[in-house]
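In what follows, a single structure is set out as C-alpha cells and then discussed.
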Amino acid sequence: MSAYCGKYKDELIKNAAYIGTPGKGILAADESTGTIGKRFASINVENVEENRRSLRELLFCTPGALQYLSGVILFEETLYQKTKDGKPFVDVLKEGGVLPGIKVDKGTIEVAGTEKETTTQGHDDLGKRCAKYYEAGARFAKWRAVLKIGPNEPSQLAIDLNAQGLARYAIICQENGLVPIVEPEILVDGPHDIDRCAYVSEVVLAACYKALNEHHVLLEGTLLKPNMVTPGSDAKKVSPEVIAEYTVRTLQRTVPAAVPAIVFLSGGQSEEEATLNLNAMNKLSTKKPWSLSFSFGRALQQSTLKAWSGKAENIEKARAAFLTRCKANSEATLGTYKGDAVLGEGASESLHVKDYKY
C-alpha cells in the first residue's frame, strides 16, 4: 500500500500547502490550562476561563495580525469559545484567512526502564476526537513528542517509541481530515554543543520519516515542527548564521522534498532570537525544497502578555506588541527581516524553562 489516498487527500494537500505559504506562519495558542496558569502568574493574572478567553480574543482580534498568519493552534477549550460579542473564534480565524488547528496529544508519560525519558499519550480515542474537531472547524492538528540530550540520551528506545507514536497520530489525523503537524522536540536543556544537537536531530528526524513511511502517511499533507539546531542552554551561544547553516543542513539530510513546509518551534528562545534565526535560514542560498516558517507560542506572545498584564486599558498596547512580532516573523519567512522591530518589554529575554511541559 502506498501513501494515504482516502477522501481527504486533496484537502489535506491543499491545507498543508496553504499553511506553508511564505510570508505567513502559525501562532501556537494551545497552551494547556496549567501552562497558561504559569504565564498568568508571571503577570499577576488569575487563571480563570474568562481571562484565558480575553487573552485569546486580544490575540485573534488584533487588527492586521491575521494577514501574517496561516494557522492558529488552539487548546480544546478555545476551539469552542467566542468573542465577547458572541462570535465563535473559529469563525473569526476563518474570516481572516487563518486555518484553525487543535492540540490533540494528552501530554507525556515516563518510559519505564529509561533515565526519565518520555513518550506521548493520547492515541486511544484519537480518531473519534479528530472527527469531532473536524466537525467543529479544525483543519490541522498538533502532537508533541519530547526527547532530551544527555550522556546516554536520547536512547534508541525513546527515539523509536516517539517516532512510532507520531506516525500513528499522523495517519489517524489524515483519515479524519486533519493535517498532522509532526513535532519531535529535542529539548535545548544541557551543556551540549551544536554538533551534538545536529547529530541527535538527524537521527531523530530520520527515525520519524521512516515511521511515517511505514504508516503510509501522505507526506504532502503533513507539516514538520522541529527544534532549531542550537547549542544547549548551558553552552556558549553561536550566531544566527551558524544556527541557520546547521539547521538547514540537518533538514536537507532528513526531510523529504514532499513535505511542503517546516514550521519551527521557538523552544524557549527569546522573541527576537527566534525571529533572527528564522530570518538567517531564509537568507541562506542553498537547496530548500520546503518553505521554512514558524509555529511560535512564547516567542509570539511574551511582550504582548507583559504589555497586557490582564488590564482592559492595556489592550491596545498589547495588540501593538503582538502585531509587531507577527510582522517581524512574517518578514523572517521571506528572509527580509532587518532586525528593526520595536522591541516590547520581554522581547529579548530568554524564555527557556528547564524540562518544559506544554
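Positions of Cβ are set from backbone N, Cα and C atoms, glycine also.
Not measured: the values here are computed from a predicted model.
Binding of substrate is attributed by Swiss-Prot to ARG39, SER266, GLY267, GLY268, and within the candidate set ARG196, ARG298, ARG319, ARG325 the record adds ARG298 to that site. Cα distances from GLU183 (active site, proton acceptor) to the recorded positions ARG39, LYS225, GLY268 are smallest for LYS225. Geometry remark: SER266 (substrate binding site) versus LYS225 (active site, schiff-base intermediate with dihydroxyacetone-P), CA distance 10 Å. If you measure from the Cα atom of LYS225 (active site, schiff-base intermediate with dihydroxyacetone-P) to that of GLY267 (substrate binding site), you get 11 Å.
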